[in-house]
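Undergrad: Before I ask anything, let me first share the structure, which is written out below as structure tokens.
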């Protein structure tokens, strides 16, 4: 296995769907399948918070989700659990600033995809140096899903990353909807990451399709 290229990573980040079993009132596997059908390009398994599955149940559910992702040829990333990622041979790991250090995680996961959440330029540069393949920059907008989030910062960090000429792939994170996703891409992000705007949508497939269309159109016009 070799490290994912910067260009490939930028494409994968287009519509990054993040979900756990407790992020929907519907059947989780059905919701995930619909999102993948609708055009989600990357998936992150994030089983956290109230009502989340524990230990064995979590692993069993993760395996089912991983199988779905394989079916749609979408990389399967695990949030903040290196052991589980190694046990399942997941495609990668995403960590926050409070989790294990990025350099340690990189050493453990080899060439798998490594994503790191960052809230300041300093954190971005450190993550890049430590071997991150992409940055999750945010929170861009207010979010209900993560109760412990840092201060909302709009697209300022994304703009600053690009102004400084930092080329690492970046995905916007936090409170992103179909209605407000365009400025995130215009600021220089390679994609948007979404939980509830897809997981709680009346039609997750349609929601994923709408994100996909908006993101691709905005990326094309930004590069033309």
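All residue numbers here begin at 1 and follow the chain in the order shown.
Even glycines carry a Cβ here, placed using N, Cα and C.
Annotations per Swiss-Prot:
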BINDING   44, 45, 46, 47, 48, 79, 117, 146  4-amino-2-methyl-5-(diphosphooxymethyl)pyrimidine binding site
BINDING   80, 99  Mg(2+) binding site
Undergrad: Which of 47, 80 has the fewest nearby Cβ atoms, counting only those within 10 Å, among these binding-site residues?
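TA: It is 80 that, of the binding-site residues 47, 80, has the fewest other Cβ atoms within 10 Å.
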Undergrad: Comparing the binding-site residues 44, 79, 117, which residue's C-beta has the most other C-beta atoms within 10 angstroms in this structure?
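TA: Result of the Cβ crowding comparison: 117.
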Undergrad: Round to the nearest Å and give the CA-to-CA distance linking residue 48 (4-amino-2-methyl-5-(diphosphooxymethyl)pyrimidine binding site) with residue 99 (Mg(2+) binding site).
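TA: One finds 14 Å between the Cα atoms of these residues.
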Undergrad: Look at each of the binding-site residues, 46, 48, and point out the one with the fewest other Cβ atoms around it within 10 Å.
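TA: It is 48 that, of the binding-site residues 46, 48, has the fewest other Cβ atoms within 10 Å.
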Undergrad: Which of the binding-site residues 44, 45, 46, 117 has its Cα closest in space to the Cα of residue 99 (Mg(2+) binding site)?
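TA: Spatially nearest to residue 99 (Mg(2+) binding site) by Cα position is 117.
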Undergrad: Name the residues of the same chain, 6+ apart in sequence, whose Cβ is under 8 Å from the Cβ of residue 45 (4-amino-2-methyl-5-(diphosphooxymethyl)pyrimidine binding site)?
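TA: Once residues fewer than 6 apart are set aside, residue 45 (4-amino-2-methyl-5-(diphosphooxymethyl)pyrimidine binding site) is near 19, 20, 62, 65, 66, 76, 77, 78, 79, 90.
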Undergrad: Please report the number of other Cβ atoms within 10 Å of the Cβ of residue 99 (Mg(2+) binding site).
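TA: Residue 99 (Mg(2+) binding site): 17 neighbouring Cβ atoms within 10 Å.
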Undergrad: To the nearest Å, how far is the Cα of residue 117 (4-amino-2-methyl-5-(diphosphooxymethyl)pyrimidine binding site) from the Cα of residue 80 (Mg(2+) binding site)?
TA: 11
Undergrad: Round to a whole number and give the Cα-to-Cα distance in Å for the pair residue 46 (4-amino-2-methyl-5-(diphosphooxymethyl)pyrimidine binding site) and residue 80 (Mg(2+) binding site).
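TA: Roughly 8 Å, rounded to the nearest whole number.
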